[in-house]
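Below is one structure; the comments refer to it alone.
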Amino acid sequence: MLRKDRYKAFVDYFSSHQPDAETELNYINSYELLVAVILSAQCTDKRINQITPALFERFPDPLSLSQSSPEEVFQYIRSVSYPNNKSKHLVGMAQKLINEFNGIVPADIDDLQKMPGVGRKTANVIASVVFNAPAMAVDTHVFRVANRIGLTRNATTPLAVEKQLVKYLPQDKIYVAHHWLILHGRYVCVARNPKCQICPLTWFCKYYEQSQTVKALLKAEADQKRKKATAKKSSRAKKIGDKIKLLSGPVTDDGNNFK
């Protein structure tokens with residue numbers, strides 16, 4: 001299948017079945033989303049949604065968070081991954097927002113990455129979700145699914161995956177395609193034992209095609225081994241039977257063996 005046809009099949013399916021896919025993080029403004037995305041690194045959205053209500057009640061805006069301390073923030077986020085680092089990042093991010101951006105989350109990806117705890121992936125999430133920019137945030141799900149189904153070729157880094165997806169996806173679909181890939185990777189194309197039996201993309205998925213080929217080869221190899229084992233058993237049984245006949249010797253008319 002040509003690359004353009006694979007992309008078309010991908011976009012056509014999800015445009016029809018998940019046209020309004022969106023982040024599973026709970027937020028009401030750009031500040032809350034930025035905080036939630038920083039917290040979500042190597043953590044589940046479910047866990048983040050459990051702790052952010054209390055966090056946002058205590059720190060409803062960048063100013064209140066900037067006036068806090070990492071030690072206080074830690075008490076609200078201690079159940080997430082790397083709470084010590086993230087508490088420092090959140091306070092530093094809020095102070096940066098207040099001091100350099102008048103408390104407003106910037107739209108520019110380079111400006112976003114100037115803040116503590118904000119890498120390219122987080123910046124792309126904010127740019128695409130909040131500002132509808134054609135930016136592709138590549139997390140572990142996007143990286144895995146894009147490579148498996150064949151949207152990317154020889155892409156060994158998140159940046160390489162991002163560049164190929166942005167290049168070949170329709171610009172007006174880049175934002176939502178990010179969510180398509182994440183949700184598909186989270187619930188169907190999981191890291192271990194992907195649920196190919198329920199996946200609607202197998203007809204153009206490279207991973208599925210290769211796995212089926214491997215299964216067929218393994219089955220053929222197993223069948224060949226079984227045939228050889230059966231033939232070996234039959235040969236052994238025949239040899240034993242021949243020996244028994246030989247040891248028994250010829251039988252006389254009265255039924256006694258010659259000695």
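From the backbone N, Cα and C atoms, a Cβ is placed for every residue, glycine too.
TrEMBL does not curate its annotations; it predicts them automatically.
Predicted, not measured: the structure shown is a model, and the values here were computed from it.
Quick look at what TrEMBL lists:
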- 39-187: domain 'HhH-GPD' (DOMAIN)
- Cys189, Cys196, Cys199, Cys205: [4Fe-4S] cluster binding site (BINDING)
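The DSSP breakdown of the domain 'HhH-GPD' (39-187) into helical (H, G, I), extended (E, B) and coil residues amounts to 101 helix, 0 strand, 48 coil.
Secondary structure at Cys196 ([4Fe-4S] cluster binding site), taken from DSSP and collapsed to helix, strand or coil, is helix. Counting every protein chain shown, the number of other Cβ atoms lying within 10 Å of the Cβ of Cys205 ([4Fe-4S] cluster binding site) is 23. Of all Cβ atoms in the shown protein chains, 17 besides its own fall within 10 Å of the Cβ of Cys199 ([4Fe-4S] cluster binding site). Mean model confidence for the domain 'HhH-GPD' (39-187) is a pLDDT of 97. According to DSSP, Cys205 ([4Fe-4S] cluster binding site) is assigned to coil rather than to any helix or strand.
Following the DSSP three-state reduction, the secondary structure of Cys189 ([4Fe-4S] cluster binding site) is coil. Note: the [4Fe-4S] cluster site is recorded as Cys189, Cys196, Cys199, Cys205; in the same chain, Arg148, Ile149, Val188, Pro194, Lys195, Leu201, Thr202, Tyr207, Tyr208 also have Cβ atoms within 8 Å of that site's Cβ centroid.
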